[in-house]
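Please read the structure below before turning to the comments.
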Amino acid sequence: MEAFYYMVFGVLGTIVAITELSKSNKDRINTSQPFNSFKNNYLVVYSLMMAGDWLQGPYVYYLYTTYGYSKGDIGQLFIAGFGSSMLFGTIVGSLADKQGRKRACVTYCITYILSCITKHSPHYKVLMLGRILGGIATSLLFSAFESWLVAEHNKRNFDQQWLSLTFSKAIFLGNGLVAIISGLFGNMLVDSLSLGPVAPFDAAACFLAIGMAVIMSSWTENYGDPSESKDLLTQFKGAAVAIASDEKIALLGAIQSLFEGSMYTFVFLWTPALSPNDEEIPHGFIFATFMLASMLGSSFASRLMARSSLKVEGYMQIVFVVSAASLTLPILTSFLVAPSEEKGGGISFAGCLQLLGFCTFEACVGIFWPSIMKMRSQYIPEEARSTIMNFFRIPLNIFVCIVLYNVNAFPITVMFGMCSIFLFVASILQRRLAVIADKTKTEDWSPLRERDAEAEPLTEA
């Protein structure tokens, strides 16, 4: 079965290469030199930030086990991380609108570096502190950087369509190529060089420090609403009012929570799904394959967003339906394929089918990230961008904490079924968002049509 892994990886790699190299002028966006310099600077920083994040991921659980902690203890540490992101992260991330997005990005680097340092201690309380710091950093990573980019892009008067190019490239590099390289680099540090499970965290701290130096030396500060009259509570109220009063923002938040909740649940489920009888599977290679599928998705997304005739709100409906269908494969294979009773060995036939479905889901993830970023840039008001984006993460973190706490309480097929339902609901909400967005544009054009109609008789006269 090893040939199967190589075949899937090779096919995906070939498709990614063909997709990138075969782009025509219709698939490319013509930009300016100042924008390219701005975009490349952001991509370097974002890639360094994501390297700092990806290097840690595969070794957090493993490190805790080497310190002798049980599955229950480790579960509490993970819950603490998501809970911290929900509580403290929302507050710290929201301060970016008032105190400055650049400052928030630097805070992310410092917070995550401190979190990496705590991994050197085997003491549970120190590790818990590290998880709390990591939760805060995660909130900043997924709000402050995007908020800074959108504000700076607009401040420099770049074309709005160019923003989608930066988003798709950031996901292609940061969530694809950098993830694969980080996985291989971490594996080299731990296994080939035998530097121990803490080594990837030290390497992550170095990348974060380099990225922080680039931010401090080349980025300018921007704000959402810097007025001193607004305290944090007023910001929260303003963000809540914006979400409640604008159905487009509320729908966007619900769509994001449903998809990301399913995505994070999938992270916990794919290993037991592919090895229900303790089959030996190459976790690192499968992870790299998933990231390659995500790269393929982001490459498709860049093509889709380059065409002005295609609307993000339209094609994302299809993406959510496909992603929902892909996560039903574990349920279908449990009914249609006879389960293997043999313990150990290689991946089963059902596992192979599921792996193909999971790669399809990861491709949808690759399309989702730049597309949701594009929609957020369109619908979320600038003065409260970071605050609202962190509000969106509250239901997500609550959901993940509940899943983590009850991960062993339900059969894996039930969990996948729940994710599929969530994704299907997301497609329905996306349809509603598309209808509202079209209606809004029609209303915006109506006064212009009336003005033109009134002007026509004058022209004829």
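Glycine too: its Cβ is placed from the backbone N, Cα and C atoms.
Annotated features, as they stand in TrEMBL:
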TRANSMEM  6-22  transmembrane segment
TRANSMEM  43-62  transmembrane segment
TRANSMEM  74-96  transmembrane segment
TRANSMEM  129-150  transmembrane segment
TRANSMEM  170-189  transmembrane segment
TRANSMEM  201-219  transmembrane segment
TRANSMEM  285-306  transmembrane segment
TRANSMEM  318-338  transmembrane segment
TRANSMEM  344-369  transmembrane segment
TRANSMEM  390-406  transmembrane segment
TRANSMEM  412-429  transmembrane segment
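The transmembrane segment (74-96) makes contact with the transmembrane segment (390-406), as judged by at least three Cβ pairs under 8 Å among residues 6 or more apart in sequence. With a threshold of 8 Å between CB atoms, the same-chain residues lying at least 6 positions outside the transmembrane segment (170-189) that come near it are 42-43, 46-47, 49-51, 54-55, 58-59, 195, 199-200, 203, 284, 287-288, 291-292, 294-295, 298-299, 301-302, 365-366, 369-370. Two recorded stretches are said to be in contact when at least 3 C-beta pairs lie under 8 angstroms, sequence spacing 6 or more; the transmembrane segment (344-369) and the transmembrane segment (318-338) meet this definition. Outside the transmembrane segment (201-219) by six or more residues, the chain places 41, 44-45, 48-49, 51-53, 55-56, 59, 63, 102, 105-106, 109-110, 112-113, 116-117, 119, 148, 152, 185-186, 189 with a CB less than 8 A from a CB of the stretch. Taking Cβ pairs closer than 8 Å, the transmembrane segment (390-406) reaches residues 75, 78-79, 82-83, 85-86, 89-90, 93-94, 139, 142-143, 239-240, 243, 252-253, 256-257, 260-261, 264-265, 268, 415 in its own chain, all 6 or more past its ends. The transmembrane segment (43-62) shares the most Cβ pairs under 8 Å with 129-150, out of the stretches 6-22, 129-150, 318-338, 412-429. Packing against the transmembrane segment (129-150) from elsewhere in the chain are residues 42, 45-46, 49, 53, 56, 77-78, 80-86, 88-90, 92-93, 96-97, 101-102, 104-105, 107-108, 111-112, 114-119, 163, 166, 219, 222, 224, 373, 376-377, 382, 385-386, 389-390, 393: each is 6 or more residues past its ends and has a CB under 8 Å from a CB in it.
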